[in-house]
């Protein structure tokens, strides 16, 4: 009988740990989303629009989930350093220069990236700051 | 019975008075002004107010064609100052101005004029590309290139918009985001912050009011 109680307590605590872990990630995601939104408004919205709709052929929309997914590893670098490369979004070419935002700390880049990839119809989920930090060290 | 009739009459009268009040709406005049004594057709002396006007100008447009004030003479137009590599307020200004442009695209009495303040980089070919990518493909919206001196003087003295070079600014220039509304007699009749949606909405409402002034 005692064994059963100990087992069940053990099982219960394992389950509790898992649940609280998930909660922590949800909390982090919410955190990143709300901070990311503020950064987006200050740095990105001018060109990319309130709803990520872009601006003519000057600034691409941020609604192409396929592009965001295939360039997942590269997004942090684009946000921080800008880009000169021609990119294709929703089948349209964009080749205007995007300015870099070197003033953004790694955590800011992570938050705004998570915001963009989980707004405007995108659902890519959470990426922790540590991972973004590594990506930023390996920018081309 | 009489009471009913008289109350209806009073009601109608007040409605008429109220609605006639609303029709009086006129846009204000901006800038310097002075009084001038003129003689009217009958030779009677009268005092008239003279308002600040936009002087003659001549710039290259996005098609490298010399464009002068003749393009806007006799039209109501919206003027602004921007530059193509601006990543701060310009995209928002032009995103909002684009909605105004689309609303008045078919109105021959309305025009749009954007002056670049980047005299180093924004040559007509650059402006052309910018206009195309923004989605402007007709002469109703002119993108004008001129020397630093001519554009900056026009901005500050005549359109009352502050512009300047600033090496500490991210993109190298600073300027205000006003959309300035000019009437058919080259007078300044409104200035709207192009980065604020509510003010741009007001501009959309004010253009017809201004056009109506000329219909009398």
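Residue 1 is the first one shown; counting continues down the chain.
Cβ atoms are placed via backbone N, Cα and C, with glycine included.
Feature annotations, courtesy of TrEMBL:
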DOMAIN    B:48-212  domain 'Thioredoxin'
DISULFID  B:86-B:90  disulfide bond
BINDING   B:86, B:90, B:175  Cu cation binding site
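Regional average pLDDT for the domain 'Thioredoxin' (B:48-212) in the model is 93. In the three-state DSSP classification, residue B:90 (disulfide bond) falls within a helix. The Cβ of residue B:90 (disulfide bond) has 28 other Cβ atoms within 10 Å, all protein chains considered. Non-local neighbourhood of residue B:86 (disulfide bond): B:171, B:173, each in the same chain, at least six residues away, with C-beta under 8 Å from its C-beta.
In sequence order, B:81, B:82, B:83, B:117, B:155, B:161, B:162, B:163, B:164 constitute the residues six or more apart from residue B:175 (Cu cation binding site) in its chain with CB-CB distances below 8 Å.
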